[in-house]
Amino acid sequence: AQAARLEIIFTDFQCSSNNLQHHTAEISTKQLVVRRGQPFTVTLHFRARGYQPGTDTILLITETGPLPDQSSGTRAVFPLAQSDPRRSWRAVCVSNSPSSMQISLLAPASAAIGKYQLKVHIDSCTGQATSYQLGEFMLLFNAWCPEDEVYLESEPRRQEYIMKDYGFVYQGNKNWIHPCPWNYGQFEEDIVEICLKLLDRSLYFQHDPLRDYSLRKNPVYISRVVSAMINSNDDSGVLQGNWSEDYSNGTSPSEWSGSVAILRQWHATGGQPVRYGQCWVFAAVMCTVMRCLGVPTRVVTNFDSDHEKDGNLIIEEFYDSTGRLLANESKDSIWNFHVWNECWMARQDLPPGYGGWQVLDATPQETSNGLFCCGPAPVRAIKEGDVQLSYDAPFVFSMVNADRVAWLIRGTRREKLQWDTRAVGNNISTKCLGSDEREDITDSYKHQEGSVEERQVFLKALTQRHPKRMRSPSPATGPRASGILPAVSEASTPLSAPAEGDSPLHAAQTYLKFKLDESPEIGRDIGLTLLAHNLGFEYKDLKLNVSAQSVLHDGTPLPPFWQDTLYVSFRPKEEKTIPWSISYTQYGKHVSQDKLIRVVAIGEENTTWEKLLVEKIITLASPAVTINVREGAPGPLNLGEQYGLTKLVGPLRAQERASVTFPVTPMKSGQRQLQINIQSSRFQAIKGHKTVMVAPTSGW
């Protein structure tokens, strides 16, 4: 008798066990989410009889994208084999019974990521062919697979840069670095769907869907797409930037503390940009998307970050005689801090040695190939000055390496105050591997400031950006003589190297430095001391003009709110301390949401008539939030970014303390971050956090 037709009645994707083995169990236990280059198992259940190798021929088909195509790699057709054939996609029979068969499938480590349809085509001896659509699965990058371009060798690093769902964004200034807690939430329900939808909303997809899907195998390509889509300057991206201080028709960037609410709002509104973001929000949301897709990613803060327009690696700042920073005189700026991402990937498109951490910056500053995105630029290329390598290495190099020149403006005349080779690219920071501490990674971006190697790399990068301008410099006309570069020995001097047309300045014989009496907190007076030292052997008088003005984190100054002038007399080699106090009543109404104040003193000696510039950026700390977690609190209550809890605290009088109790039941085990955000009519959001270890069973 002729064998009955082979019919499939049910497909078990074994989501729970597959996802656990593929490190995606936190994403879902009901939907199959697997990583490329790693086998996963599917069980086919049959109606009347089981699979018979000599009688039945089974072809499996995987398809992704709107126009699946074998030549572009978005469609694969491959037979069921008894052994392990060497082909791109493969399916192997693991076990076979009269009513079911277990199949091990493997997507190649070079497959495009995304949402796939799995189909099967059966030819039996009856001569009848039957096709079934078995279901859907998602395919992600695989940092556990050595053949994958995002492979990361160390398990602790994979846990940190893919699996960790919280972290810190470092803010403040180089002398006062403050960790801001952030919930990445890359494994929250529906986030992976939103991340894939984000790829489908990109201009790359809109322009050429077939090519876009075929290129989704490449982490370099994916990272550029995501970098462009996190901001909304070119497209219906996730976030709209706003640096105006007016956030009345949206959410202030400082109020966000996680990515999930932002991504869900963007998705729920059909791709309308969420208002508002600044650099740390762009970077944190990009970290969520890239970790979700399987690319190892971390958030990096660069303190004193350059944004110069003309590519000469020089930032020019202009002051008037009162010490006020003049915003409209310069097209360049130094951001008090700037936040970007590093993503780990191979760079097959570059010479050997440039894989590893790559800089990606989703903050819309400059265009790259016509779109507001930046990177990936190899961190190694930045350190070695290889700015000719893709992508956007010149811009990244300038953010950590530009020199700063300060000018004094008097009418139509300008006089150079300072040339500082150390002003840009300080205390580059990221979260430590396996702990909540800060790691300084400045040495991965640049050689020691002021060293011969650092200046040589600076010149190398400048030469590559301006080969005609820099070709064959002679001792008389070369970059140092022309003022393009200060001499290495001048790196720590307060005064500049001469620029073309200027007469050289002599080193000032007075040393000035600002020092805070204590770390100031918003609402308290600021105690400040100016340390002054006459380095010469003669008597002298010094005129000091002092100014204080609030600044935004992108370096934009607001009008001065405090100015003072005084005259100081010195005996030979005399040191003096000059105290100042800036009261809260003086600065309170003027402080920006970034809580940054720049204090500047410009001094003029009566002996040499040299000018001196000294400045200090002050970050006003928010009041401290203490979080105590005790076992056995009443519940249950799901406390997550999606829901949140709100309680009214206050009103509070000056110096008064308050405590609030929340019952919380954690919904996931492992190391987790509990966040508290406090908003007030008198100050910006105050954030507190506590890292807790949640046991896998009920209780702590």
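The backbone N, Cα and C atoms fix where each Cβ goes, glycine too.
Among the features that TrEMBL reports, domain 'Transglutaminase-like' is placed at 271-364.
Applying an 8 A CB threshold to same-chain residues 6+ apart, the list for CYS279 (active site) reads TRP335, PHE337, HIS338, VAL339, TRP340, THR363, HIS553. According to TrEMBL, the active site annotation covers CYS279 (among others).
Positions annotated as active site by TrEMBL: HIS338 (among others). Around the Cβ of HIS338 (active site), the number of neighbouring Cβ atoms within 10 Å comes to 26.
Residues or ranges marked as active site in TrEMBL: ASP361 (among others). Other C-beta atoms found within 10 angstroms of the C-beta of ASP361 (active site) number 31, with every protein chain shown included.
For ASN401, ASP403, GLU449, GLU454, the entry in TrEMBL reads Ca(2+) binding site.
The number of other Cβ atoms within 10 Å of the Cβ belonging to ASN401 (Ca(2+) binding site), over all protein chains shown, comes to 25. Using Cα positions, the member of the binding-site residues ASN401, ASP403, GLU449, GLU454 nearest to ASP361 (active site) is identified as ASN401.
Taking every protein chain shown into account, ASP403, GLU449, GLU454 are the binding-site residues, and of these the Cβ with the most other Cβ atoms within 10 Å belongs to ASP403.
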